Every structure is written in structure tokens, then in C-alpha cells.
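Peer 1: The domain 'Glycine transporter' annotation in TrEMBL covers C:5-78, C:90-162. The transmembrane segment annotation in TrEMBL covers C:63-80, C:87-109, C:115-135, C:147-165, C:171-188.
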Amino acid sequence: MLTLIYLLAISAEAMTGALAAGRRNMDIFGVSVIAFLTALGGGTVRDILLGRYPIAWTQHPEYVALVIASGIAAVLISRHMKRLNRLFMFLDALGLIAFTIIGCDVALAMNYHPLIVLLSGMITGIAGGILRDMLCNRVPIVFLRELYASVSMLVGLLYIGLFTLKIDHDLNVAACFALGLLLRLTALKRGWRLPAFNYRHDMH
Amino acid sequence: MLTLIYLLAISAEAMTGALAAGRRNMDIFGVSVIAFLTALGGGTVRDILLGRYPIAWTQHPEYVALVIASGIAAVLISRHMKRLNRLFMFLDALGLIAFTIIGCDVALAMNYHPLIVLLSGMITGIAGGILRDMLCNRVPIVFLRELYASVSMLVGLLYIGLFTLKIDHDLNVAACFALGLLLRLTALKRGWRLPAFNYRHDMH
Amino acid sequence: MLTLIYLLAISAEAMTGALAAGRRNMDIFGVSVIAFLTALGGGTVRDILLGRYPIAWTQHPEYVALVIASGIAAVLISRHMKRLNRLFMFLDALGLIAFTIIGCDVALAMNYHPLIVLLSGMITGIAGGILRDMLCNRVPIVFLRELYASVSMLVGLLYIGLFTLKIDHDLNVAACFALGLLLRLTALKRGWRLPAFNYRHDMH
């Protein structure tokens, strides 16, 4: 079930990356690279930071093929994507939660400290989007936008908490999806965001 | 022979990186870092992703010295570089092909899946240029420009194909250089590029 | 002693990162990420390049908590930071030197070639600031500014030199701080910088 959601999620993330690349007038190759990094970049950064080799996608070439195909498909049908906006927001939220849980699981299995487990979940959840934005030459949207990283953090905290309490795993995962979807979709609807700073003194 | 081409190629790549840095008004240190990353960044990213330690250049400090010296030399004689434009384009094409072949070889020796071998070749070929452009704060040129990544991909496919068919290695390498130079130099001459996308709907 | 300076330094670096993020109108999460990368990013890049696992901060979650708390504190009291400008410049210089020495030590312990040891020191000293600037979507300040990387290089050279001569370690560290502070603070005062290049011919 988590694997199915994961596959859906990496496809959806690849599509958002591809559309961002398409907006920058990139060619089909640029679109593929950005699709790949958006979908699989978070897990890659996590594996490198935790020293978990071989890196996940190097053992699953079918994931690589899936995200590149999804990215190219997205730009080919981009004129129809506007109508799918809501579906995408939903898939993106599912993906954020699935990535966070998977990232926590990886670090838990390697016996890292709970704070590092939480970071592992958040990195898996959001680093792909950060890489996408760096390559598209813009300040990462996740640092500016409505609750996104915060959702990843709260889901991670809940997951680690229930895991420590030895709650049944399926129940734990279900609770994480319920909390995450509720928070993310409400944040999107209401335009919630964290307080931003606007510090002007040019010290550096 | 491949080693000689490799040394020529990292010097040439270091020079293109240094000139890009010089255009950004960077100091001699910035020029050295960008020269280093342009020339050795692709192999570094590959080694990290494949978990191949120690990373190549940490065992070859002479490569590090060579690329930094090449980069500094390039900005010192930059007024003469315009005349060398064609020579550079040729060395850059040689480098792209040599890097691709070396990247494939590394992944083949570690028994990765053919798709990962291809990615390894392409990453070695083009990631250095992507890092250069990210540090120079511009959208990577490889995502916008004439056939470049495509040449790396086709050379990689040919190399892996002939390797699988157990064709003589020297013959294989010669065929890769013939195909790669033909494609790249023709693409440059004719201004070939992949179809670009220009997707305007601001979904994100 | 070096540990104490290290803790002071990562806090100070986290604060400079947080203020740069605050100036970009980032939210509290963006501020935390940039604070983290500025303070611990250099050591992380070094550990990944040298293949030194587990990465330092994954074994010291308290460092992670310290840098995030420092970053958030900095933006909360940002109106008072102007008065602390000189203190910050001093802490930043201390940090640069401490990071460089620690980076050299790590590579020395792994028996790398002296040139790689020097690079390890410099990467630890300056890569955090480079990551900060890439995420803030600007050309890294270290490539443009007054002597900064050069100070790291000279301190590294002195440290490796005295180490090779088997000079007493405390004396070596003291000499490095004396040289580094003298150079950095004088460079700041006098506005020293390396010669910059401004190469206009658009070859690439």
C-alpha cells in the first residue's frame, strides 16, 4: 500500500518538476533531469547523508524510467494540466506524507537518534523540491510557501511518537496520512503560511 | 590513450569553467573553485551516487593541481581565448565523450544495471557543467543548449551496446569517439537543439 | 578549547545564515534550513567527499538543535544585530579558523595526501557559506569578497606545515589562530580582496 502510494507520489512529483522545467523553456533533457531530481532527489540526499549504500534508485532502474516517462508525459499534455490542478495538489500531499514516513523508516532501521530520524523524514519529503528550485534558479518555494515543511515535520513527529509507543504500524501510518492530509489541504485552502522574516540590514 | 584524452579534457573543462567565473567578476579563488567543479565535479557526483570511495581525485592530487592551474591560466590569457574558440569546442567535445565512457566503465565494474550504467556515463559527462552554472547563478546551459546531453546519451548507449556484444574494447572506444564527434560538431555547426517546452500556466 | 570555539563558531555561522534567509523573506522553516546548512554544511560536504561515515552531526543531534535555535534567535532579535556586527565578524573569523583546523585534522587522520588535507580544511571552512548563498539564489559571496578563502588556505598551509614539522599541537593551533585573526581582521578593516577577473567575451 505504501509502495503504491510511493509510486503514485514519485510520478506526481516528477510531473511538478517537469512543468517547472517546461516553464523555464528547457529542452526534453532538462525536463527529464528536473523530473528525476524532484521525484528521487530527496531520497538520494537522505541516503548520502545517512551513508546508506547502494542508493535506493540505483537498485530500482524501473523507478528511474517511471519518473522520466512521467515528466515527459506531463509536458506533452501540459495544456490539460490546469484542469488536473486539484488532483495534483492531492497527489503531492500524499507524496509528502509517504516520503516523510519512508524517510523516518530508513533512519529508524539504521538506529539513528530520534532527531536525526525526524530530519531524515523531512529531507526525504522536501529536498527534491529544493533541488528542483535550485536548478530552476529560484529561491526554493518550500522556504516561502504555505505549510509544507511544517506538515512533513508534524507527520514525522507523530510517526516517531507512535512508533516509540509501539502502536500498530498500519494504524500509525493511517494516523499520519489523516493528520498530514488534513493539515496540508486545509493550509492550501486557507492560504496558511508560517510567519516570514524580512530583515533588511545588510550585514553580510 | 583514454587517460591522455581525459587529462586534456579536464584541462579544457577547467578553462571553460574559469572563463564563466571570470565573466562573473569572481576573484582568483572563485575561478579556481569553479574550474575544479567544472572539470572534476561530474566524476565526484558519480562516485558519491555509486558509493565508490575513495573518490577519484582524492587519490590523484595532481589532477587537482592540473585543473586549478589550467583555470588560472585561462583567465590570465583570456584575451587570446577568442582565437582558440574552435580548439576549445573540439576539446570540450572530446571531453564529453571521454567522460561518458569513463563513467560507464566505473558503473560496469560495479555491476550496476545497464540503465544505471548509462546514467553514470551521462552524469560524469555533464554534471560538472551543471554545477558550474548553479554556482554562477544561471539556469544550467546544458538544459537549454544544442545537443549536448543527447550526445552523451547516444555515446553511452553505443558503448554499453558494443560492450554487451563483447566487441573489442579499442574498437568500441573508437566508434564512440567517431559517433560523438560527428554528432556534437555537426550540432554545433547547424545549431541543432532538442525541442524546448514553454509552459506558461503557473500552477505552482 | 577547540570544541568550545567550534560551538561558538557554528552558532555564529547559523546566525549569519539565518539573517541572510530572513532578508529573502523566508519563513521560520527556511531560516532553520539555511542556518543548518551554513553552520554544518561545510563539515557535511567534507565528510561526504572523504567518505567519512557516519557524518559528524548525525551523531551529535545536540549540534543540530543548537544551530537551529541560534538561527531562530538571530532573526527574532535581528533589530539588535546591527550593534553586534563587530562581535559577529570576530566570531565568524574564529569559526573560519576553527573549521579549517578541524577539516585538516579529519583528513590527516584518514591519511590523505597533503593537498587533499588542505582542500579538506578549506571545504570545512567555506562550503557552508557557499551552500547558504546558492539557496539564497546569489553568486557565493566568498568568490567575490575580501580575503576569506585565502585566509582559510593560509591557515591550512601553516597548520599542515607545523604538523609535518611535529611542532607541539597546542602551539600549532595558537599560531594558526594568531595568523588567521590577524589576516582576516586586517583584510576586513582595509577592504583587501584578491584581484577579480572580468572577462567579457561570451564564448559559452
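Glycine too: its Cβ is placed from the backbone N, Cα and C atoms.
Where the annotation comes from TrEMBL, it is an automatic prediction and has not been curated.
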Peer 1: Mind checking which residues reach the transmembrane segment (C:87-109)? Cβ under 8 Å, same chain, six or more beyond either end.
Peer 2: 2, 5-6, 8-13, 15-16, 42-43, 46-47, 50, 52, 81, 116-126, 128, 148, 151-152, 155-156, 159-160, 163, 173, 176-177, 180-181, 184-185, 188
Peer 1: Which residues of the same chain, at least 6 past either end of the transmembrane segment (C:115-135), have a Cβ under 8 Å from a Cβ in it?
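Peer 2: For the transmembrane segment (C:115-135), the nonlocal Cβ contacts are 13, 16-17, 20-21, 33-34, 37-43, 45-46, 49-50, 96-97, 99-104, 106-108, 141-142, 148-149, 152-153, 155-157, 159-160.
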Peer 1: Can you tell me the mean pLDDT for the domain 'Glycine transporter' (C:5-78)?
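Peer 2: Averaged over the domain 'Glycine transporter' (C:5-78), per-residue pLDDT gives 90.
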